[in-house]
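Some features that TrEMBL has for this protein:
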type	residues	note
TRANSMEM	6-31	transmembrane segment
DOMAIN	23-286	domain 'G-protein coupled receptors family 1 profile'
TRANSMEM	43-65	transmembrane segment
TRANSMEM	85-106	transmembrane segment
TRANSMEM	127-143	transmembrane segment
TRANSMEM	177-199	transmembrane segment
TRANSMEM	230-250	transmembrane segment
TRANSMEM	270-289	transmembrane segment
Amino acid sequence: MLSQLSLICALVMNLCCVCGIVGNLLSIYIYSRPAFKKRSINVLLLALSCADFAVCVLAIPVFSISQMQELIPGCQAAIGTVMLYFYPITLMFQAMSVWLLVFITVDRYLAVCHPFMVQTYCTRSRALFTVACIIVFSVVYNFCRFWEYRLLDCTVEKLKIDQILDPMLRKNEAYMLWYQTVITLISQFVIPFAVLCLLNLQVARTILAAGEQRRQLVASEKREHSTAKMMLFVVIVFLFCYTFSFILNVAETIDHELFMGPLGFLLNDINNILIVVNSSTSFVFYVTYSTRYRAELQKICAIRLFMENVLDVKSRRSASGDFSTMSLPYRQNLLTAESDTKPTSEAKDV
């Protein structure tokens, strides 16, 4: 029963991954347009979309590894490689996603609660510097995870994951206590959760207070408030999805054996689904609350529909031999040829 539920979880997760890949690709295209590059928030949202896209792509092999072993026998080498190399990279992008969301919240807090500080602190150059720092921190912090396991002999078939990989750093009690538990909980959960909750509560209060005097708001303030509303929902989804992960991390420190059985594997599968859902749903809120995002998305759809209609019309006219679709030199040559053949035809008639 639990194995069937685990397979269903893997299917749901992969479906969410596909949706997330499509949505984040559209966000990457839109936020990389020249019109969107001027504001700091759009630079951060572009980086967040790239990180979420990478999480969705890597989650398909990394989080479906136990199901891959059951469905594709004889792939022990591939499974070992995924766990050894792809898993740490996935955690790097997850860390980027978490801290990018934190700094997006800081950006929205300054824009809504301290609008006169926007010109000083919410600049494109500062946003690019922030993204670079987050990337360096995420890579450096998770780089040691490449040495958590070492790959064993994979020539023997029907080996389980724990028989393919031999723990290295994970055998070290100090590493598991301080790095895997204490530092990870503080840096990936406690600090981000505290900052997100405190700043978004203040942003929500400011938006509610401004709603009573909305007529007095200028257009730029209304735009900042609309963007802040959008990010509030993104943060709510993040808090909902990562709270379960936070609980599992605490539970693992208390009872490590729980996660070595079928129930632990199922809980881990549910956690993986929530992580992917967090990386896949931002697109929905961008479309719902960002007018410029919707306009740019409509342009993409309009161009595609326009090109399809144009190509369809051209193909129909070419098939029917429509004279109006011919190029000017071709039409001139055709008229000349027709005029040359007219006397001959008249002579034959005579």
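Using the three backbone atoms N, Cα and C, a Cβ is placed for every residue, glycine included.
Remember, it's a predicted structure, so these values are computed and weren't measured experimentally.
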Who are the long-range neighbours of the transmembrane segment (177-199) in its own chain, taking Cβ under 8 Å and residues 6 or more past its ends?
94-95, 98-99, 101-102, 105-106, 108-109, 141, 144, 170, 235, 238-239, 242, 245-246, 249-250, 252-253
Could you please provide the mean pLDDT value for the domain 'G-protein coupled receptors family 1 profile' (23-286)?
85
Who are the chain neighbours of the transmembrane segment (85-106) in space, where the CB to CB distance is under 8 Å and they lie at least 6 residues beyond its ends?
41, 44-45, 47-48, 51-52, 54-55, 58-59, 61-62, 130-131, 134-135, 137-139, 141-143, 145-146, 148, 188, 191-192, 195-196, 199-200, 203, 231, 234-235, 238, 242, 275, 278-279
